[in-house]
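K.L.:
Annotations for this protein, taken from TrEMBL, read as follows:
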type	residues	note
ACT_SITE	102	active site, proton donor
BINDING	66, 90, 344	substrate binding site
BINDING	185, 216	NAD(+) binding site
SITE	142	site 'Important for catalysis'
């Protein structure tokens, strides 16, 4: 089951638990606006190339819409739709005043030069500038885009609307980006782990961890869990996996990788079969790579007692059921990896105020949000008698439904 089907299924279950009427359910699922634009640019060799750009704006009942822009050859309108919907629930769970959106351009960024990417980004912005905005829709980086892409969008948008740093988040620091944004998702994963373990009278420093994926989220999560005294006994990425039952020296490993070394030739651990990583002996498993890695093939073999979903949709529906029967506690992605969107909100707030925070304040506020959200999810689990995933979904859907009803959706 892909992310689209899983999101729809979770929404339907949450709506049923909350007793939402079918007309309201339908209204909450249908996007507010779907935008499709043609972007034609001159390439460096003088030929013309045409790309199709999308932006799906799902819901604005709780505030301006928020979501990434991805550059990928398979930007599919259905997938963008599902991801926009997921952002609506995610921002509501995190209690940030946004709705959901998502967008992208069907292209292969690796095959375009820097100047071609800039031209493409500027043409896309020209086509949608009157449909995004500080109080309307605030894009952010996603797969295939980065802080530089946001800088180009900001510059192009500002030509039409005057200097508007709050129109995008995930910007370079020099253009109003927030300190702490780079580490935010990984730091959020660490705070979420802390909140969950505290609930079970345990702590990071007394637990063993396995981390899958050493991209931005995985490497920050590993670094911060290690700093808190957590013992990371195995890690893996696309190149392979390593283990050390006495604990891997994470700062040394990250330094080794930044210098071009691979996992396999790291001196502080032994190479292991990458297929065994997810079923390795540990207290806490943190998948931070791709979706669907925990499935019916391997779920029964998982030895961890807790799973923290750093990636989007790493546990498919069948695995969820198997893990629940085994008594494994799964902390859902919609909460566990929401640190990024929370700090994006802080960036937007700082830009609007024209007053930047120091990194300590950013991290302190993020910790407060992650802690409060966990408590809200636990309360929802108690009142609805459901697991953490359903608790988070009912919390998000309930907040959006309430806002929609208060604003008067049938008029």
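Just so you know, the numbers here start at 1 and follow the chain as drawn.
Note: Cβ is positioned from N, Cα and C throughout, glycine not excepted.
TrEMBL entries are annotated by machine, without manual review.
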K.L.:
Inside 10 Å of the Cβ of residue 185 (NAD(+) binding site), count up the other Cβ atoms and send me the figure.
P.N.:
24
K.L.:
How many Å lie between the Cα of residue 66 (substrate binding site) and the Cα of residue 185 (NAD(+) binding site)?
P.N.:
16
K.L.:
Who sits close to residue 90 (substrate binding site): which same-chain residues at least 6 apart have their Cβ under 8 Å from its Cβ?
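P.N.:
Same-chain residues close to residue 90 (substrate binding site) (Cβ under 8 Å, separated by 6 or more) are 100, 334, 338, 341, 396.
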K.L.:
Do me a favour and check the Cα-Cα span between residue 344 (substrate binding site) and residue 185 (NAD(+) binding site); whole Å is fine.
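P.N.:
Distance between the two Cα atoms comes out at 10 Å.
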K.L.:
These are the binding-site residues: 216, 344. Which one scores highest on other Cβ atoms within 10 Å?
P.N.:
344
K.L.:
Measuring Cα to Cα, how many Å separate residue 185 (NAD(+) binding site) from residue 102 (active site, proton donor)?
P.N.:
18
K.L.:
At a 10 Å cut-off from the C-beta of the residue listed as 'active site, proton donor', count the other C-beta atoms across all protein chains.
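P.N.:
Summing over all protein chains shown, the residue listed as 'active site, proton donor' has 30 other Cβ atoms within 10 Å.
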K.L.:
Just checking a number: largest C-alpha distance across 66, 90, 344 for the substrate site, rounded to a whole Å.
P.N.:
13
K.L.:
With a 10 Å radius around each C-beta, find which of these recorded positions (66, 142) has the fewest other C-beta atoms nearby.
P.N.:
142
K.L.:
How many whole Å apart are the CA atoms of the residue listed as 'active site, proton donor' and residue 142 (site 'Important for catalysis')?
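P.N.:
Checking the Cα atoms of the residue listed as 'active site, proton donor' and residue 142 (site 'Important for catalysis') gives a distance of 9 Å.
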